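**Student:** Structure incoming, see below.
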Amino acid sequence: METNLQYEDLLIKLRAKLNEEKIKLWEPPYTQAENEIPQSLQDLARKFATELNMDSDSVLQALRELQLHSMERVRANEEYKETGLATFRVKAMLQGQKPMQMNIQKKLIAMATELISAVAVNVNIPDNRLKLIFNGKVIKPSMTLAEQGIKNGAQIMALIMAESPEEISKEDSRYRELKATLDDATLLSEYGVDIVGDEDYMKLEDQNGVAMELPPAERRSLMVGLALHERGRVAIRHKDFALALVLLLEADRQFSECRSSLLQSVDNWAVMQLDVCWCYERLRAVSSAADAALRLQRAAAAFSSTYGDNHHRLIAIKGNAESERILFMRLYLLQGIVAYHQNNREEAKRLFEKAEYEMNFLRVNEESVSCLMELGWSRAQARTALRATSGDVDRAHHHLDHQRQVRHQERERHRQEK
């Protein structure tokens, strides 16, 4: 094949065909004792090559690879039944290199530290620079594999950190300690939060500026989640997707301790689902496609609840939807990628076209951005306002000024009501 992407595309198509025709490559007539390629497999390759309009040698090579993987799984299952040794398929993401595939065997009652150490030895790095991801969660070293729902045959992603996670943990501990102090105000001001006099409650504003009271436990979980999410987004901007994914999954764990009604009231949780999926895509974590699909369903449901189908509620409230189109563009793009990996080509094409449609509304004139920045607005504010006003500089300036005044008036009203 000309490129790795073309080969991956072929594997996706062949998996779909094998599933459709209920063909089991690990059973006769496609196997034989001599470990040679049987005629039946060659015939199948020619058949699929004709149907896919592809070179038969390339198809045979791909089928053989799929067959060997299937036979490995069968042998691993038999060994697990006989010895209790589980086999884990680990894909280590090495920066600037091709991912390393390995099989690691451990008892399910083993501590996760044993699995982490075994993978670290294979990739020749210290244990403390390695994070293992399974089913959308970071594997905890202090628990057994079974306690974390890890089973024989599990596919695990190994991420190599550019910096020691101990340093990250120290910073995260500081975040937790700060949440109980007045430093909350400094951190939370970035998220439009009012700190009130009552120590037991804080107020958070939803997308419509309506204040919500939070008890201390949820306050801590939400704010640590928000802080980790923001740090994860910084790592994404620096293209450190391994670190970003670890931070985002920890943020997700913190958010999971909040009420679902609270999570549905703020954009951050839904946006974080998109950020996690973007990290999966950049890390080429195909084994996480199922988790990505689930996260995108959650994000789509949250956006639909907040903005309505096709943004109709947002348009009714604000008169436009341009400033939020980027969320839908990212959602459609990521949904399209998942559909592609599921070999749902028509659905993928439809979603990519929707993403492109949204993208066309996001383009802004850089000269107009510069004009607004000269008036004192930030680049982000200028771009958002131009999208909301179809590129009109004067309207964008008045739009931003009006938003600032409305926000100020709303906060003053809340203070007077106390």
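Heads up, residue numbers simply count up from 1 along the chain you see.
Using N, Cα and C of the backbone, Cβ positions are placed for all residues, glycine too.
TrEMBL annotations: computationally assigned, not manually curated.
A quick note: this is a predicted structure, and the numbers were derived from the prediction, not measured.
The compositional bias 'Basic and acidic residues' annotation in TrEMBL covers 402-418. Annotation source TrEMBL lists domain 'Ubiquitin-like' at 86-165. Under the heading domain 'UBA', TrEMBL lists 363-403. The annotation region 'Disordered' is assigned in TrEMBL to 388-418.
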**Student:** Roughly where does the domain 'UBA' (363-403) sit in mean pLDDT, to the nearest integer?
**Tutor:** 89
**Student:** Summarise the region 'Disordered' (388-418) by DSSP state, stating how many residues are helix, strand and coil.
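**Tutor:** Secondary-structure breakdown of the region 'Disordered' (388-418): 26 helix, 0 strand, 5 coil.
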**Student:** When secondary structure is assigned with DSSP, how many helix, strand and coil residues does the domain 'Ubiquitin-like' (86-165) contain?
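**Tutor:** Residue counts in helix, strand and coil order: 19 helix, 31 strand, 30 coil.
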